[in-house]
Amino acid sequence: MLFSSVSFLFMFLPITLLLYFLVPARFKNLVLLICSLFFYAWGEPVYVVLMILSIVFNYACGLDIGYNADDPVHAKRGIIFAVVVNLLILGFFKYYGFLIGSINAVFPVNIPYRELELPIGISFYTFQAMSYVIDVYRKRVRPQRDLMLFAVYVSMFPQLIAGPIVRYADIEAQLKQRNISPNRFGDGIMYFIRGLAKKVLIANTVGGIFDQISGMGFGSFSMLTAWVGCVSYAFQIYFDFSGYSDMAIGLGKMFGFDFLKNFEYPYTAKSITDFWRRWHISLSTWFREYVYIPLGGNRKGTKRTVINLLIVWALTGLWHGANWTFLFWGLYYGGILVLEKFVIGERINRLPGALQHAYTLILVLIGWVFFFSPDLGYAFRYLGVMFGIGAKGLADQQALFFVLTNWLLYLVSITASTSFGYYVLDRGVYNYRNGQGRRGVACIIYLAMFIVSIAFLVTENFNPFLYFRF
Amino acid sequence: MANKKKRKKIKIQAFLVKPFLICLGVFMIGNILLPTREYSEVENRSLAKRPRLTLSSLQTGTFMEQYEDYLMDQFIGRNLLRDLKVRIDTFAGNKEENGVYRGKQGQLMEDVVIPDQEVLKKNVKAIKEFAESNSGIPTSMILVPDAACILEDELPSLATVANQRTMIKSVKRELGESVSWVDAVSVLDTHKNEKVYYKTDHHWTTLGAYYVFQESGSALGVQSKEESTFSPYAVTTTFNGTLSSKSGYEENEKEEIDIYTPQGEDLDVVVNYVQEQKKTTSLYDSTKLDTKDKYAVFLGGNYSLLDIKTTVNAKRKLLMFKDSYANCFIPFLTPYFREIVVVDPRYYTGDVSELVGTYNITDCVFLYNANTFFADNNISGVLTGE
């Protein structure tokens, strides 16, 4: 079930909230678990079994590792087993087809295989479960004895299908004890409505433009159109993804959870290093914590650091999808980050601010081309058009038509990509001196955003889920 | 002071809780209580109904998808919400909604369809082979361009659509000598300052059809008489067409539908709706004027097979393959043919060669609107009997 769907907003959510707040405290986790399993089964009626198995497996591994914490050999064996099994499950469902397909393409063999449908959210919940067993092994957290609490942690519907990747350590205490107050609930509503508006009003609309442009044949669009398409995609993925994260954070707050921030105005970054501190923060944190640092991080000399970075970024790329384009995309960023770290970082720091932004945005836009292309050939041809090779002229009417008939959309997108957008929204509310005025205005602004989002949601058929490959 | 400020800020969030929950509750209960509607007059389409719950539909997830469609289509206040969206889009500078352009002076135009080359090739080949294998039956082809092609100047500033003229030309080239070609593009070009297309509907007007009919005289082998022999009169002045329904634009625009009747002669017809086993004595179904879909006044809409018999003193019998553009064109042909057999390949599943024999066909015409023709995947199937 998507957050941006009528079934979720006007069936699942009200019923879940009602049940959750009606039952006494000791049953709240049970309600949350049952509702979360229903939520997942609604979208994945078969693979829900896989998720339950994954939960039980990691629960058992956690207990086993915790129980043998004083026996390093046994514990080590336990953690290796747990990580390998998790990766095998993920690998089987996500990379099997890609692997065999690549082998068939490279070697003169033809191994038959059936492309499996990827279970939604498998990359998110597998990573969450792995953060738990690894942290138990490292003795950062104590093993969770209560299967239900562990199941709530993994399957909790707000962050289940599109993140953020919540680490067990961050949420351990909240599983048992949560503060629910009207203020937190209201704060959650504000997060949720902002996220919904980002997804439905901006991402879906701007995504429609990208869809139109990417559907045109090469040779039939101009350089400017290619840039409009790429910028549209950049806005689509940012508002879609950060919208989902905001909705997740908001829903978390309604049920008494605090999740960490996942996006911090990434398009205002001044370097690629800075960009990745602001984009999908929970994923970068995960890779730093559980891959980069265990590999030795930057403590083993320059050469090892470079290798470690490239490994992490190759994996980050592949995490986003089993395709050469994602591998390339990851290594592209790995390469730039290595360069920034060892070669050009200082020089970029000394550039005027505007140039820093331009440098970052252009590299990020080029990166998105690899991200949205179905294969590398398409990516390079599209990039070619962006830089004048194979383009139908510098600019044409079509590009101007897209910009002109969507001027407000792009204006809102740009504003909302910066902290200025939030500032404007906040000013709208806090301009009023007296509390009553503020409450009224806040109420009107947020409910209006909600109703308009519903209007777009109900009447617009274009409502894609971008993370089916993650 | 800081404390006081904080307290006020907290209040705002808490204040939002009730209205939000009420909102969720009202929409939820409203959706449950609202009776299911079959059809949307405003959008001119059937609405999704509650899907049936079966084990397999549950397992594959189709139930969930259909359930979401059902909730969307039956959403309380859907028409108001749709209106709100169109208003916001318009304010934001949007000139296109759901594949419909709002042109200058409110002329609505459907985007030009780009054909699937494989399917198009098959269709054209089938028409060509049909015409060549029935060499005793003169066959003509009328491919009517869309408003977005003829009224290109009316498109919103800077908007571009695919070039339908070249597409139509290439069909003409492919068909070559096998059919007599009626050049509808240039006729409509000549008259583009008159109202040859509806503003709110994707069809041509009866006037547009009339001009093309005059042009087609030699191809069809009919003596098209002077305009005065047909006299137009309006059957409704409150037509709001499908493009309006599809886009939500210009929903208050009211248009006129004209019908042209042959002057002087008294011409009787019997229209036999073969599959429906229904007969009428009129080319017009006036009951449709009370519905939203008023264009269906012509022949009552689209049917798989019509057999129109006339009282004309002529021997020729026409076989027509067509889409809805033909519905307002057929009345012009009735004075010239003893019988007109009308096949809509989208619905017809029978054997065409049998029709030719059974009805002793002497002439054949293909009449299509370009967008339907280029999106069609039925023509070759019906003609080749596959």
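Using N, Cα and C of the backbone, Cβ positions are placed for all residues, glycine too.
Per TrEMBL, the features are as follows:
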type     : residues  : note
TRANSMEM : A:6-22    : transmembrane segment
TRANSMEM : A:79-98   : transmembrane segment
TRANSMEM : A:118-137 : transmembrane segment
TRANSMEM : A:149-169 : transmembrane segment
TRANSMEM : A:218-239 : transmembrane segment
TRANSMEM : A:309-334 : transmembrane segment
TRANSMEM : A:354-372 : transmembrane segment
TRANSMEM : A:407-425 : transmembrane segment
TRANSMEM : A:437-458 : transmembrane segment
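Note on the transmembrane segment (A:437-458): residues 4-6, 9, 189-190, 193-194, 196-197, 200-201, 204-205, 425, 428-431 of its chain, located 6 or more positions outside it, place their CB under 8 angstroms from a CB of the stretch. Remote same-chain residues near the transmembrane segment (A:218-239) are listed as 198-199, 202-203, 206-207, 209-210, 263, 266-267, 364-365, 368-369, 371-372, 381-382, 385-388, 390-396, 398-400, 402-403, 410, 413, 416-417, 466 (criterion: CB distance under 8 Å, separation of at least six residues from the stretch ends). Scored on C-beta pairs under 8 angstroms, the neighbour of the transmembrane segment (A:118-137) with the top count among A:6-22, A:149-169, A:309-334, A:354-372 is A:149-169. For the transmembrane segment (A:354-372), same-chain residues at least 6 beyond its ends with a Cβ under 8 Å from one of its own Cβ atoms are 210, 214, 227, 230-231, 233-234, 237, 266-272, 274-275, 320, 325-326, 328-329, 332-333, 336, 348, 379, 382-383, 386.
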